[in-house]
DNA sequence: AACGTTTCCTTTTTT
DNA sequence: AGGAAACGTT
Ligand SMILES: Nc1ncnc2c1ncn2[C@@H]1O[C@H](COP(=O)(O)OP(=O)(O)OP(=O)(O)O)[C@@H](O)[C@H]1O
Ligand SMILES: [Mg+2]
């Protein structure tokens, strides 16, 4: 076993544990992920083949963290998200009911679009506003599926919907399922559902999958929802489950995760043991003191307080500014200053509750030419022009892809919704790309050549996605220039970026799958250098660490977030979000705020800023403005819709 | 049937 | 920023 660190006694017990299933319950920075990595190395050193070990977790970033810590030398070892593991199973096993290359994986935007179209049919014209939004329908549906309950049961338990509103949600939810199926769409939940259902209904299949592993190691176990638990449950008889988790860091209840499930680990999994780690190796004690205080304010009982091993360190600061621009400039100036003194840009992580609130900070990074990478928030493929090009590719590989065809066809002058609908109606009955081309040809006659040119170009280069996109882009240039005549030069680079991303994939289907499962965030990744500042959402930052951590907008309305004040459970989850953010910092923790509050913003309840009454000895206040109260500012200033 | 203009709404967080 | 609804024009 080769680590640069010496494990402590508790870590050794976890690393060397060779009994049954085990759960390591321990706080932030105590080395849970370290234990997973060292265990994996230990098992391999004892002769376990790397391909007989799987490292799973929920978020992509936590999965990347595991992957980079284990390195590349163990060929066959799987380290990734549950979703990517499930997709890999579908690709590699012929006994699963789904061939993923025949399906199009859809993201949240597509899901919403599909439900929008369903809603338009289900509700009388002009009365749409009386009914729940597509976003609500999608959230209810997703939550119900993730927690393995029917939509009816979910609505009865959590929602106060009656009569036509209730029946609308139920109908929309069921039609969503049917529409997906008919269009050969698979959403994120489907990916897990296919595997979970197959394994539960067919024990022989579950055995065949699970017995390929000597051990399945799961990081961030508090984030698992019942759907993911179902996959784990069906593996329990045939492999060893080694899970690590921290109830204080549970921040995915909104998608059905339930940290009680790790409390009841030994009940749920027979012949299992719970282990503990109690020393934090990440952060200075001054940082841990503040984090401990935040969790102490909760009425819920989490496990013990964090005890550090790295000395006291500097007291965290909260710097107050009058506006978001000054705040952003302070952050970027601080980064530049330390860079001048030899510190790397990559030592800095800027943690956001919502990425849409990062506008000023991004602008400031750009203006000072600081290289940075954005993780979380809007995807590159959420932009109108990137969606257009992607629609051409999707329409080509899946003639049943209604949303792609609708978007693609209506790009062309003279083709509106009515014509497109007529064509799509026929396409939905088609069997092949060949047939699809025929249908478009017949429907459009003279205009068909222009519409089909990009489609033909893409289908000609299916195994050279770079070339496929390049030639499609060439054929669509005229439309793009016309449709985006005001700002084409600004949009153009995103499409070139798409082409270069496609270049690295083996075929167009893989291109779509890869970037739907792991989208690029933000449009410009500034600078070519490896050394970059990371601008990241707290949800994505879980499991990660940084020498210096910035937490901007530490103020009323953000922690807890205005939209998550509706219940005690929501507020407690928000408290854990802040706790996760604080515990990312190794040496320096720099909170700040932009002076304004959130008056007028749509809230779901009432709650004070978590640090409103923080003891002075835990946090240094700097700057002129008083600790921010609920101040007067237009709601759109926060959300970035202005 | 298509399209331009205006006005309003929406996504908080991840897969 | 994207998209839909409403309304008027072509
Ligand atoms: N025994 C040790 N000696 C020195 N450093 C250690 C030791 N164990 C862990 N570390 C370091 O402490 C830091 C935190 O460890 P790790 O990320 O594994 O914690 P974690 O429990 O997974 O945290 P989180 O809950 O945030 O995911 C890492 O930089 C790791 O390398
Ligand atoms: Mg970890």
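For all residues, glycine too, the Cβ spot is worked out from N, Cα and C.
Bear in mind that TrEMBL entries carry predicted annotations, made automatically and left uncurated.
Remember, it's a predicted structure, so these values are computed and weren't measured experimentally.
Long-range neighbours of residue A:31 (ATP binding site) (same chain, six or more residues apart, CB within less than 8 Å of its CB): A:7, A:8, A:11, A:277, A:279, A:281. Per TrEMBL, the feature ATP binding site maps to A:26, A:27, A:28, A:29, A:30, A:31, A:32, A:33.
Sequence annotations record features per position, and here TrEMBL assigns domain 'UvrD-like helicase ATP-binding' to A:5-284.
Annotated domain 'UvrD-like helicase C-terminal' per TrEMBL: A:285-543, in sequence order. Across the domain 'UvrD-like helicase C-terminal' (A:285-543), the prediction's mean pLDDT works out to 93.
Annotation comment: TrEMBL describes A:621-642 as region 'Disordered'.
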**Complete:** Per DSSP (helix/strand/coil reduction), residue A:26 (ATP binding site) sits in strand
**Request:** Show, in sequence order, which residues other than A:26, A:27, A:28, A:29, A:30, A:31, A:32, A:33 on the same chain lie with their Cβ within 8 Å of the centre of the Cβ atoms of the ATP site.
**Result:** A:34, A:244, A:246, A:277, A:280, A:281, A:282
**Prompt:** Which of the binding-site residues A:26, A:29, A:31, A:32, A:33 have a Cβ less than 6 Å from any atom of ligand 2?
**Reply:** A:32, A:33
**Fill in**
Neighbouring CB atoms within 10 angstroms of the CB of residue A:33 (ATP binding site), all protein chains considered, total 22
**Complete:** Within the same chain, the residues at least 6 apart in sequence whose Cβ is under 8 angstroms from that of residue A:30 (ATP binding site) are A:277, A:278, A:279, A:280, A:281, A:306
**Prompt:** So which one is it: of the binding-site residues A:26, A:28, which has the fewest other Cβ atoms within 10 Å?
**Reply:** A:28
**Request:** Ten-angstrom check, please: count other Cβ atoms within 10 Å of the Cβ of residue A:32 (ATP binding site), all chains counted.
**Result:** 25
**Message:** With Cβ-Cβ distance below 8 Å and at least 6 positions apart along the chain, what are the contacts of residue A:27 (ATP binding site)? List them in sequence order.
**Reply:** A:246, A:248, A:277, A:278, A:280, A:303, A:304, A:305, A:306, A:583
